[in-house]
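Below: the structure, in structure tokens.
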Amino acid sequence: MLTCAIFNPLFGNIYQLYDTKCTFLISIVIFEAGSTLCGAAPTSAALIVGRAISGVGAAGIRPRPMYTSFFGMAFGVSSVLGPFLGGTFTDHVSWRWVFYINLPLGSCIFAAVLFFLVLPSVPKEKLSLFTQAKRLDPIGLLFFVPSMVFLLLALQWGGATNPWSAPKVTGLLVTFAITFVAFLVVEFKMADTAMAPARVVLNRSVAGAMLFTFLIAGGMTNAVYYISIWFQVAQAQSAMQADVRTIAMVLPLVLFGVVTAAFMQKTGYYVPAMLVSPVVSATACGLLSTLTPHSGAGKWIGYQVLYGVGTGTVLERKDVPLGMGLMFFMRQLGGAVFLSVGQNIFSAELVGRLSGIAGATDLRNIVPAAEVDSVVEAYSYSLTRVFILASALSSCMLVGPLMVEWRSIKKSSGPAPTKSAIDA
């Protein structure tokens, strides 16, 4: 997620400078190369490198506004089929096929784009190599990439493997602050060629939407990720069974996205949906934090459905003209940052030696029978603490719509908003 977020603005500039179809095809190749490395990874380090490469490729595979509805439907179908496929591969074949499955699918997409996609010829501005390099904002990336790495490392190590006062952690936080401030200075100085021009980011509505997306991504990433682990630990479900149970969250998310779109088309306003989402999502996550190993289906289904309803009220760009690319950037970044925070909370709650006893699925097979219940209770409680983080993030989302202007999209007839590099 981090590399995808980081390289999203870079690809925004690349699409402006170079052939769109060629850039898209190269992105698919990079993504497939990363998936291949992940599937064949002999070590955790190789898996991490493969995921990073896949993130770079995924940053360049971006939907355009005119195809937003299609991608929305594809998301709904894949969200339902994904748990079945991922869980089946993990339980009955190998986790490596979660990545290998991308190869035939990606090859089909590559061939379809190569032979059937015909784009209108758009003349590109002829620029010198130096100007092209400048448009890619290499100085901004030079500061932004390490700043995010320093932040994530600090969030993962602080309080879990090292105290927050440890020199290693404080050093990372200080270095993050320095490099991030340097990045902001560069972005202000670069003006029009910056990844995120100040005139765009400082717009009230854009800033509010960015904050909203950043927070909802953090909350949703943690909720979806940890509810699956909770099913495996607390209720002894296999990976496939656990993922299938999360459909209770995903289906209402997709369905209420359609309902919200219809509401927006009728009223012309999208801010009301942004106000409802934080309230419902925060309530649902608060309820999820009360789950115990003995909670019945009525609770874990009902709470997930409620959260799906809350997050399903978020609109796509075809409804909110604030920049799909910019929102995608914040969504990926929010997921990466707050997933690290969630992991820190989970690790801090769970006794260090307990977390090393076993993985989620094998917990009951390794722990002595007399201690299984207490260990499962500890694991379950630690996992549900992450839902409190998701609830807090959902509550903070309310600040976003309060910043966004109440403007009816039915009356929008003015010139299109200026694009940033991220939004290109």
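Backbone N, Cα and C atoms are what each Cβ position is placed from, and that goes for glycine too.
Keep in mind that this is a model prediction, so the values were computed, not measured.
Sequence annotations record features per position, and here TrEMBL assigns transmembrane segment to 24-53 (among others). Tertiary proximity for the transmembrane segment (24-53) is limited to same-chain residues at least six positions away from its ends with a CB under 8 Å from its CB atoms, namely 2-3, 11, 59-61, 96-100, 102-103, 106-107, 109-110, 113-114.
Residues or ranges marked as transmembrane segment in TrEMBL: 65-85 (among others).
Beyond the ends of the transmembrane segment (97-119), by six or more residues, the same chain brings 20-21, 24-25, 28-29, 31-32, 35-36, 38-39, 50, 85-86, 89-90 to within a C-beta distance below 8 angstroms of the stretch. Positions annotated as transmembrane segment by TrEMBL: 97-119 (among others).
Proximity of distant same-chain residues to the transmembrane segment (139-157), defined by a Cβ-Cβ separation under 8 Å and at least 6 residues beyond the stretch ends, is recorded for 2, 5-6, 10, 166, 168-169, 172-173, 175-176, 179-180, 182-183, 186-187, 190, 194-195, 333, 336-337, 340-341, 343-344. Here TrEMBL flags 139-157 (among others) as transmembrane segment.
Feature annotation from TrEMBL assigns transmembrane segment to 169-186 (among others).
Taken from TrEMBL, the feature transmembrane segment covers 206-227 (among others).
If you look up TrEMBL, you'll see 247-264 (among others) marked as transmembrane segment.
For 271-291 (among others), the entry in TrEMBL reads transmembrane segment. Remote same-chain residues near the transmembrane segment (271-291) are listed as 212, 216, 219, 223, 227, 230, 234, 260, 263-264, 299-300, 302-304, 306-307, 309-311, 313-315, 380, 384-385, 387-388, 390-392, 394-398, 400-401, 404, 406 (criterion: CB distance under 8 Å, separation of at least six residues from the stretch ends).
What TrEMBL records for 386-404 (among others) is transmembrane segment. Listed by sequence, the residues of this chain that lie at least six past the ends of the transmembrane segment (386-404) yet keep a Cβ under 8 A from its Cβ atoms are 204-205, 207-213, 215-216, 218-220, 222-223, 226-227, 271, 274-275, 277-279, 281-283, 285-286, 288-289, 291, 310, 322, 338, 341-342, 345-346.
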